[in-house]
Amino acid sequence: MGPWRCLLLLPLLATALRAQQQFMEYVERRLTLLEERISQWHDQSSRYSTELRDFKNQVLGMLETAEKEREAMRSEAESAAVRVDRLEREVDYLETQNPAPPCVEVDEMLMEKQVATAKQRKNEKYTKLTDCSDTIANIRAMKILKRFGSTSGLWTKDAAGNSEKIYVFDGTANDTVYVFPRMREFTLFSATRKAARIKLPYPWVGTGHLVYDGHLYYIRQQGSFQVIKFNLANKTVVDSSVFPAEEQIPVFGLSPFTYIEVAADEEGLWAIYATKEDEKNICLAKLDPTSLDIEQMWDTPCPRENAEGAFVVCGALHVVYNTRLPSRSRVQCVFDVSGTLAPEDASLVYFPKRYGSHSGMKYSPRERQIYAWDDGYQIIYRMEMKKKLEV
């Protein structure tokens, strides 16, 4: 190749070298820019991670604080509930210790007339008002509902009406009745603040009360014993009567706090009581639910000793016995005022073994079952019945 050809190629080589150099500079600039963006992305990612971690820690701290505050509020609420319960008990106690009962005058002449009339008809054969001829065959089932209140008390429904309300009489001397709307509420609620309260004008004594046809019949002791008829709807005393029996003593040997047991059956109202005149045995009287007059009286052969409760079924008194050291309760004496069933022909009915001794037993003629209070436990006994002639 000649010299003149080499001179012709030199400009071309110079142009190619400049173009290559420019391309390399361009690639280097792009790589530098890409490295800057990658570095920027790393910085932003690190910052976002740090912020997210800080936010997470902040949220966890807030949740922990909220949990502590919730526990503190729950503790304060429980403490407030305890204080409210204590305050309610103190108020109930103060009201019980400082009653302001209205005055009820006792007509002495009327009482003497009632006593004379009742004694004239004492131990006469009873003419039944209904065709009920059943007696207890056995205890078909027992259901323990709950434990509520004191060791002694009474719970019941209205023995004559269709109301589903539960009436609770806690203790053997008080003036406040707790009322639950239905059996479900009584079973589920453990606090008395869930129940309505009825403040009676006079405190009761014993556990012989009865709710019958919208009225409460309960016993008041003010020297003598009075039967008070209280309207549960308008909260007023409808009537009262001094019970026409002299020198009364506790009717049940194992329940010394009850002097008169007001009971209901298919025939109406009854009063179970005892006097010093015949201190070994239990007496029975038929009550007029309207006027509280004694219609008839009977001396029964059922002994008071070791008796813990009693109820009437179809005109027959059933007395429940136990022992001083509580064992298995049993109906061991039956007295039929109509003479249909002889005491020796009645079945010996045993109750299932339980916790202690019955302080209250109420027969419901509508449901054919007994509402019992046993050492603070509320129990239902469902009974199987049979005709008296089949016993």
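Positions of Cβ are set from backbone N, Cα and C atoms, glycine also.
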Selected from Cys302, Cys314: TrEMBL disulphide partner of Cys132:
Cys314
Reported mean pLDDT - the domain 'Olfactomedin-like' (131-387):
91
Number of other Cβ atoms within 10 Å of the Cβ of Cys314 (disulfide bond) across all protein chains:
23
